[in-house]
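Okay, structure first, notes after.
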Amino acid sequence: MTLTVTHCAPCFQGEWVWVDPGIGVPIGARVKLTDTGHQLLVDDEGKEHKLSQKEEGSIRVMHPTSVEGVDDMIRLGDLNEAGLLRNLLVRHRQGIIYTYTGSVLVAVNPYQELPLYTADQVRLYHGRRLGELPPHVFAIADTCYFNMRRHNRDQCCIISGESGAGKTESTKLVLQFLAAVSGQHSWIEQQILEANPILEAFGNAKTIRNDNSSRFGKYVEIFFNKDGAIEGARMEQYLLEKSRVCHQAMEERNYHIFYCMLAGMTAEQKKTLCLGNAAEFSYLKRGDCIVCDGRDDAKDYTRIRTALKILAFTETHCWEILKLLAALLHLGNVSFEGGVLSGFFVCFLQVQPAALAVSLTYRSFMTNRERVSKPLNSEQAADSRDAFVKAIYGKLFIWIVGRINSAIHKTPTNGPKYVRNSIGLLDIFGFENFDSNSFEQLCINFANEQLQQFFVRHVFKLEQEEYTKEDIVWKNITFSDNTDTLDLLAVKPLNVLALIDEESHFPKGTDVTMLNKMNRAHAKCNKYIPSKNTHDMEFGIRHFAGVVHYDSNGFLEKNRDALNSGILKLIEASTNTLLQQLFEKERQVSTLSGQFRQSLDSLMNALSKCQPHFILCFKPNDDKKSMVFDRNLCIRQLRYSGMIDTIKIRKLGFPIRHTFKQFLQRYRVLLNTTVCDPKTVILIHCRSLGVHSIVLWRFAHINFFFIDLDHMYLLLLGSFLLLSVSFNQLQLGFERLQSTIRGRLARGRYLKELAAAVTMQSQVRGYLARKSYKSKREAVTVLQAHTRGMLARKTTNKMKTDVSAVFLSAQERMARERSAAELQQRLEDVLSQSQEAAAKPEPVSEQEMVETMFGFLPNTVAVGGREGPAPEGFEDLERTLTVPENEEFSFTKFSALHFQGSATYSHIKQRLRQPLLYHEDEGDALACLTVWWIILRFMGDIAEPKLINQEPSAPTPSQNNLGQRQNRRLSNLVGLDQVLYIRTQPQIQFNFALSVLVCPCRDEIYCQIIKQLVNNKNQNSSLRGWVLLSICLGIFPPTELLMQYLESFLGRGPSSYGPYCAERLRRIVANGERGEPPCWIELQAVKTKKTTQVSVALMDGLSVSLPVDSACTSAEVCQALAKKVNLKDIYGFSLYIGFCEKVWSLGSGGRHVMDAISQCEQEVRRKGEEEQHAPWRLYFRKELFTPWHDSSIDAVSTDLIYRQVIRGLKSGEYHSEKEDDFVQLAAMYYYVTFGSAISGENAKKVVEECITTELIETKSQGKLIQLVNAAHTQGPYINSRRSTDSVKGDVVDYARQKWPMYFSKFYEVTQMSGPPLPKSNFIVAINWNGISFQDEKEKKLIELSYPEVTGVNKSRYGQGPSVSLATLRGQFLLQSVDAGEMADLIQWYLEGLKERSVYAVALQDVNKQGRSMTMNHLITHLTDGEYSPARGWIKGTNERTGNTGAISTDTVLVLPTLEKPSDTTLVRSPDQKKTVTQNAHKREEAISPVSLKEFALEYFRQPGKEGGRGAQARGAGREKLWAASKEPIKQPLLKIFLLSLTFPSPILKYMGDYPIKQVRQPIELTDQIFGPATQHVPLQDEVYCQIMRQMTSNSSRYVVDYGWQLMWLCTGLFSPSQSLLRYTQRFLESRPREPLAADCLQRLQMLLRKLPPHQVEVDAIQQNSNQIFHKIHFPNDSTELFEVTSTTRIRDLVRNIAYKLILASADGYGLFMKTPNKVNFKSLSQLFGEKKKHFQATGHCFSGAPATMPYLVIFMRKLWFNVTPGRDLTADLTFHFPQELPKYLRGYHKCTKEEMISLAGLLFRVKVDTDKSQFVMIPRMLKELVPADEMKTMSPEDWKKHIISSYNKQAGITLDEAKVAFLKGICHWPTFGCAFFEVKQTSEPSYPSIVQIAISKQGVSFIDPKTKELLVMHLFNRITNWSSGSTYFHMTIGNLVKGNSFLCETSLGYKMDDLLSSYVNMYEMQRQSVRPRNNSMFPT
């Protein structure tokens, strides 16, 4: 090698220099000194070269940038070919294959795998600016993506280079990156990616330069939606090399698909297709290359089949493709001998063999008169065969591309106006120059010339033309332009391609004539090289990449690309469906070159509309070896790529430019003003800022131009000078900042001082105010004392002067004083005796004490418990109660807060000086002191005094009437002499003690009893106190003041009385206070502490025993009785009590049963008899009927009423003037009792059992028997065979119709006002038939039917309750003690009748089409469901006119009747109509509300004539567009016509202003209203205007309420525009009394939502609640309600749930939406109210009926990380255990036998706790204890034995501990926390067909479901891509280049996709939170 050194300065050792090796380009060398001091040069190849002294002084030193290399070659100092070449060499040796040239990426094929294409690299480059990180193909891809989203402009990436340079791999990498950053993991993304393996299999082949050479060109256009997500793609293919199917050069292969199918098909499939190995087929061995090193054809075949599945190729499609490919291989083996077909086997084409033989061995053509067939020789027949094969393969390839496009290219669903952006990727064949180049190479190189011209035009021509256009001083750069070559090939007249096409159209044209024409036409063109002689068939063309010589043989045949007509007819006759599809569109409209040029022109046109990006692929050598760099090859690629010129223009030019508007917007901060003229002002401002002296910029006519450094500087300068642009201004800014900080500090000090001053002032003012108040209070007290004294003196004087006043004489006063002194002495004796008695308590048992206390009760029930000493360990329960201190509701605290004086909370034996609690009334205070004395005596704290010389006397009348004295003060009830008498009568003492408990001082009584129980050391006294307390708790409850303290006290009471008293307290609080003292059966219950059993008699003669307590009400008894006898129709049944000869109703409400019994006992006591023998009875009877009573509903109810009627007939309770009534009822009774049999004896029994004795005596018995027999014989029942139940119903209905008064409620009333009646005091009887006013003699004063009643209201008149009854006869005001009950009963009857009524009366005249009616007309409501009354519309028929139509409920009044009303009830006076209307539409508006009238003047369209339904042609006024109307509008309110108006009618229908023919769900209407508006912003204001319009001047309160519901929903979806916002706010603010107005104002500024309201939102507002509560389900089958709002995000709700459940952390939990079809996870960033896509598809839609979709919202753990059993007990019990247990029982885990037995013992404990009796059930419970696949490993008895043993070993643990132990037992398994999916796979032959996929925090594991052995586990960082389809799930494992594809069939792919994404996102967030961003491609 000759070494030439350029002259330069001397160099030192180690320096790098340039040397010329003689190859045309200098190379690098390093200076080295020898031991002798001579210099040597060691070049880049490692060779040493000696230098002479002369040469040493002439070395040119290398620029430092060329030594180590640079990322961007624009920054090279040696800007020449040598510098570029060495930069690529240095980086190639460093393993760096990517280099920038400005924005152009140079990629050198490494011919080896590099770790550059992982998912981490994708995340690293995403979102980074170009040049921020080292060069990478991902950086170019991200630039495309970023520019597309930012500028909304289509992008394209042109990947060019020679064959083998790596274009296909670069294209796939860009595609993989775009799919990854799209971030959706959608199935469409995977389909786009999977198109590559298919196209490579059918369109790529091994060549001598490339093992995977693309033999076709493709342009992939990827479409993105507005969110940047991939939503589809489209592929175009160009010029497949079909000749390769039949001919290959040496060392080359046919297309991959042939070798893959032969290597990957099963033996059975190959046998079916008669296939063997590749060496058996002529088409596959012509290149003498069967195997390609580095390729696994069998594995590739699996990948291809997987891709075909993903792209929706069915099994039928795949098999048909294989059949065609097999047919092509067999056709290649066909041989022709003398023109005769031999060895033919092509049945797969499904054609006739003879017809195929003829079509291949004969050629037919048309002569002037007929078609002539010409036989072909062997060579011609083989050519015909090859043409047929190439045609089939070419058409098959086009069909496959079409199928792929049909799968990945979807038409936009948002209409033709929907705009989406795209990124195009061009991967087209590289420049080719082989030893023999044919027509295909000419087309390929022509396409490369077009792309080179596009590159040159974009980089050079357009750039320099722009500079010239903008008058920028610029020296043009010379560059390599290939325009002449393109002119030669396709532009100028008689170009090469045109001549080829021309000659192809001539029938006699040959390749020789074509070549001669080209030689003549282009002989003088310097780009054309003619053939050397007439026999030479080659011509040459000087391309941009070099000279290429083409062999013209076969040009015309290939260009014509035509099949023999016989072959076409053969295809038409074939029965192969796929073959016919391939050729069905066969229309030869042009030559192949013409088609290719047309496609290429379309491609170039598409590229010109995009912003281009370039990737130049270089191959370092032709041998496909890594780390080998061929300088000659690389310098040739550098030269023809124009890289030198590219660097020059990028370095010297202005690559960054902005329009003036863009420049002003971006750098406005640098200017002094915002008003600029682009031609004058801007220069002045820029110069004033000094920008022109710093930045090399150019301002032209339109644009600003910058070099790269200028642009970067301006960006930095703009950021730095946000506040100032000079040092002085910057200093001024700092001064302002300092002043601001000082001001804040000063203000802070001032605020502190101000707060201190205010505090001092408030304290001083408070002191002065308190001082003033004290002085004023003392003055007022003095004034009050004097006033009271004056009033007392006046009263005393008046009493003295009053003649009628009774005064005592002096003797009487003295006698009274003596009596008082004696009584006082006796009381003191009593106290002293009680103290002595208390000091010496006698030990007695609790049983004896109770027996002693209740000795007066009959000993009918044995009393047990608390006998003898307490068991060991339970003695503490027998001790006295001591109240602990410092408790929130302790009695100690209550006494400290509320007791008077020095009173304590504990037991004492002294008299009180004053009551414990404060009482205003002195009488109450005295009564409380007396109660204290009685409590002391009752509890035995003071002894009973012994009376001397006093005989017991009979009770006085006053004593007998003590039980009746209710609500009287104790001081007025009893005198002291009576107290003394009580001492000797323990029974009366007890009764008296109870009677005082009904005084007003309830809390005082409870406090006194509790005080005596606290710290009471006397067992007898304590027991008596608890007995007394329990009795009180059955009579009256404490007030709210004492309630919680009393509950707390009872909770700490002794076990014998604490729970018992607590239950009595709960019952008395629930049912209310009693009105009578306790009865004897209550005392018996207190004695035994058990419920009392009472017997209730039914009308059928049976008696039912029921438990009752002191607080039991008649309603509870009736309900318990109904449940016991299975009574369903319970209404109207009441409890009756009978006493002596009287029976009265207790009703079925809140009356206390024990009060009624107590009254009976008091009555007995007044008669001097014993109370326990009171003859009371309880009965269960029918008291009331409903007007709509149906006897067939409940047979039990009907039977009881029937028995009651028959009994009433016999007893004379039901009386009738007509004896026929008795006879008819008796005849029915006859049929029910004896059936159809006729007998005199039976008739006699019927008469005796039905007819009253009085009637029998009046009429002879024989006559009645005869009448009953006749009625029975002639009756309708004998021959009808009716059931006895239906006849009983007839009896009931007969009695109901005949005797309504006997089934009535009666109320004593006093008329206060209303129409005059004979009496003012009378009785009101209310029954099913109406309301009757009667006097005391049952004479009817007036009778009203319910249609005559127009309203009923409760009121108060004077001091008593009253009821206002509005009727057609006037308004009655009735006063009664039971006015409330009476009003409720009437109202209930009216509402029930209206619900069932079909009759209404018109309130106003209506004259609408189909809805004409006049006031007072009767309207019959048709309940056919066509209209919804709930929406304000009904379907009715006018009884007078017969017209039927929709009627607004505002215009009619529904009548409460089930029968057609009389005409008198239809007439409504104007006053009555007004009253009804006011009652129906009450509206309170304090101020005049704001409307949209002002807004309408500016923004609404011009109003037109009122049209619509029923409008009159004459007199129709102009529309009031801002006011409500019940007619739908025809045009939008606003001046917009973007979309058809679909929501006004739904708005009217929802609000009730428009009739709805069918009942529709509210959610359907809200979807129609808000659905279009959420998708189209211009419609949002229209919705607001429509709603506010309909709420303006609307007289219907009902309609307005629904309007507010719509407004509430609307404000939670989107806000109005700025122009409407102000009016909307005023509209809402002007209606402050509306409940939803304030909430709507608050919601007005919410976030924009994308979907209509959710079902829960609509349901909530429908119930007039602006709070939305949603039920959340948990894995342990528990539920809880949580409040959500319209803007609640899933993340917030998850955190709220975790907080409420007291979970340790919310991480890893999520919400799932479960439907009948699937379970979807809801994204954390998603709004809770947003409906998911699957709900939109299957649920509510914008039109049509909705499909009801039930769903559950489940909260459970999703990601199992940081899960340690036992650390978070709530999480373990609520989530971890119930979620992991099913996985274990299904057999997903691999575990040992010992582990299963231990876990089974724990699970058995969870099931039965400590119930060992369940051991026998273990064999039946095995499926709940043992994994399903392990149950048969042992017999059930063996399992039972082992489980019992394990259970016993775990004794002593609780259920919760057992659950946690179970989790601890499985948490160490590798599959703990995994989500398991069983799938079917065919991707990996070494795996079983059914594989179990387990996804956990470690990664994705593949498990053999039979052996449970781990097949493989993939970490998340090795999974580069995944997606799911409807029935598939796909994963790519490894890097993006050589990743393994795994496809499985499963319906749960969406869950796997979501779970995988969640885990990856979790790790990514953790990585970002703990590690800073790394800017290096290769992190250290």
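Placement of Cβ uses the backbone N, Cα and C atoms for every residue, glycine included.
What TrEMBL says about this one:
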type	residues	note
BINDING	GLY161, GLU162, SER163, GLY164, ALA165, GLY166, LYS167, THR168	ATP binding site
DOMAIN	68-719	domain 'Myosin motor'
DOMAIN	907-1087	domain 'MyTH4'
DOMAIN	1092-1397	domain 'FERM'
DOMAIN	1524-1662	domain 'MyTH4'
DOMAIN	1668-1967	domain 'FERM'
REGION	600-622	region 'Actin-binding'
REGION	1463-1483	region 'Disordered'
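Overlay of TrEMBL feature records on the structure.
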residue	record	Cβ neighbours (10 Å)
GLY161	ATP binding site	23
GLU162	ATP binding site	26
SER163	ATP binding site	22
GLY164	ATP binding site	22
ALA165	ATP binding site	24
GLY166	ATP binding site	25
LYS167	ATP binding site	28
THR168	ATP binding site	24
Folded-back contacts onto the region 'Actin-binding' (600-622), same chain, C-beta under 8 angstroms, at least six residues removed: 88, 92, 101, 103-109, 111, 137, 140, 143-144, 147, 151, 153-162, 164-167, 170, 174, 209, 219, 221, 236, 238, 422, 424, 426, 430, 446-447, 450, 454-455, 458, 628-630, 633-634, 637-638, 641, 643
For the region 'Actin-binding' (600-622), the number of residues DSSP places in helix, strand and coil: 9 helix, 8 strand, 6 coil
Secondary structure tally of the domain 'MyTH4' (1524-1662) (DSSP, helix then strand then coil): 77 helix, 1 strand, 61 coil
Residues flanking the ATP site, with Cβ no more than 8 Å from the Cβ centroid of GLY161, GLU162, SER163, GLY164, ALA165, GLY166, LYS167, THR168 and excluding those residues themselves: ASN109, ASN210, SER213, GLY430, CYS617, LYS619
Average pLDDT across the domain 'Myosin motor' (68-719), rounded to a whole number: 81
